[in-house]
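Following: one structure in structure tokens, then a few remarks.
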Amino acid sequence: MYWKKKQTNNKALLNVLLNRIKKDFSGGGGFGEGAPPAFHHSNGSVHPVILPDSPEEVPQTPGEYELTEVTSIPDRSDQENERPDMVVLDCRANAKGQREEDALLENASQSNESDDTSTDQSLVPPAPLKETSFSIGLQVLFPFLLAGFGTVAAGMVLDIVQHWTVFTEVTEVFILVPALLGLKGNLEMTLASRLSTAANIGQMDTAKDMWKMIMGNLALIQVQATVVGFLASIAAVIFGWIPEGNFKMGHAVLLCASSVATAFIASLLLGLIMIGVIIASRKVGINPDNVATPIAASLGDLITLALLAGISTGLYKELEYNDYANPMVCAFFVALTPIWVLIARRTPSTREVLYSGWEPVIIAMAISSVGGLILDKTVSNPNFAGMAVFTPVINGVGGNLVAVQASRISTYLHMNALPIAEPNPAPRKCPTPWSTFFGSGVNSRSARVLFLLVAPGHLVFLYTINSMQGGHTTLTSVFVAFYLAAALLQVVILLYLADWMVNWMWHRGMDPDNFSIPYLTALGDLLGTGFLALCFHVLWLIGDRDTDVGD
């Protein structure tokens, strides 16, 4: 018997035909006694199995039949009664119904052995969470405010510690501030994005997979933190030495020990917090992409800045009495690096990052160090001392928002199984600001929501600082207008760059979870510090000056 090839979306007919095929597969007839089993393609097409002419050549197990795709039906009416040749059913569903019909085809062809089907079902990623603009805003709002208040606290701390002896005597410590605060973007936010994507696509559903992923990622960020902290101290020494031409070995070792110790301890604490947040988010049904990265930043700035101030002050005091304390601290943390490398190599995903993920982290550190140089030269001027309290706020808010957007776009690309690293990728047009912010897709919707949070959020943070008598600047209407203009311009640029950069990296075979966020947050530090310094210079020139508030 021959069945003509036919396009159909009728589920009732599909079920009948699949039941008939299943009976043939199990030897129950339907198309004739001994009819061959159908072979299922993953796209929903069911193609025939051609039996050999000789009965001796027929294998005893269905899995050993010779599979031959038939493209046409020959005219063999004279042999019609000899044996059934083929069964052809083609059911190519439209894109919307593809997954459901694939499941029907799979269920029709499987046996009663559940062990065989569990493997296939695990390969199907979970459906993405349905999100509206309201739901995105509601999920992002609380972590965004929490992160903002964390940056306010960090700004208050920086406003106080800028007058400490170690900051006035070793001014290169200011260069370390954006670089070490940027670790939350280079390491913790990248960790959060990586684990959020893994949780969303089902790679952390079992306890074994979850703990393997956690241990590998924790070890990885400890390696990265140690290396980046060491390189940041070298950059601080170079940037501090070039303009002044004055090099002190004691100060250089102090910067190295302070930077490495701060980066190591802060990354360990924040990494543990991130893991807890992501696991809890999945259990309560919240998208980790919306909450993990802002919470990483909420405590990241405060913890890192407090550790830097405390450790550098303690080591500076030891510098006067003990020449070996600083080198020993630096050597201790560096000596732990091989242990973390061995642990990180055991997990395939972290092993890949361990070998190929250094470029964005190191370049991002260098970009943040340039922002630190701007901060050092600006805050050192007594006329611009008020800038210190606002620097972590504007940098933190911009970095938090763009990290959320980059993480969401990356998860979108992973969950929709779009091709990565195509052999001959078609040139992709650079997105326009209109498509980034006013498109109909979910990523444009989230970009609009994140942008609309900027002005209200900064107003809340500004007046929180003012109510606590922080900083050295009165919040005049002119200052607020210039500050908000700088913040809005920074976030617009970052969100647009995120749309372009994440897709550009994806189509060139680079995982955006590992590469995009370090660049974007570092650019956020540079843009935020630069625009803020420009604001203070313009305000000084037009006469809006007030440097005694908070003294």
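The backbone N, Cα and C atoms fix where each Cβ goes, and this holds for glycine too.
Any TrEMBL annotation is an automated prediction that lacks curation.
Annotated in TrEMBL:
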REGION    46-87  region 'Disordered'
COMPBIAS  75-85  compositional bias 'Basic and acidic residues'
REGION    99-126  region 'Disordered'
TRANSMEM  140-158  transmembrane segment
DOMAIN    177-311  domain 'SLC41A/MgtE integral membrane'
TRANSMEM  218-240  transmembrane segment
TRANSMEM  252-279  transmembrane segment
TRANSMEM  291-312  transmembrane segment
TRANSMEM  324-343  transmembrane segment
TRANSMEM  355-375  transmembrane segment
DOMAIN    391-534  domain 'SLC41A/MgtE integral membrane'
TRANSMEM  447-465  transmembrane segment
TRANSMEM  477-497  transmembrane segment
TRANSMEM  517-542  transmembrane segment
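The stretch with the most CB contacts under 8 Å to the transmembrane segment (355-375), chosen from 140-158, 218-240, 324-343, 447-465, 477-497, is 218-240.
At the 8 Å Cβ threshold, with sequence separation of at least 6, the transmembrane segment (218-240) comes into contact with the transmembrane segment (324-343) through 3 or more pairs. Sequence-remote contacts of a segment are chain residues at least 6 beyond its ends whose Cβ falls under 8 Å from one of its Cβ atoms, and for the transmembrane segment (140-158) they are 177, 181, 290-291, 294-295, 297-302, 304-306, 309, 388-393, 395-397, 400-401, 404, 449-450, 453, 457, 460-461, 464-465, 468, 470-471.
Across the range of the domain 'SLC41A/MgtE integral membrane' (391-534), the DSSP-based residue counts are 109 helix, 0 strand, 35 coil. DSSP labels the residues of the domain 'SLC41A/MgtE integral membrane' (177-311) in these numbers: 121 helix, 0 strand, 14 coil.
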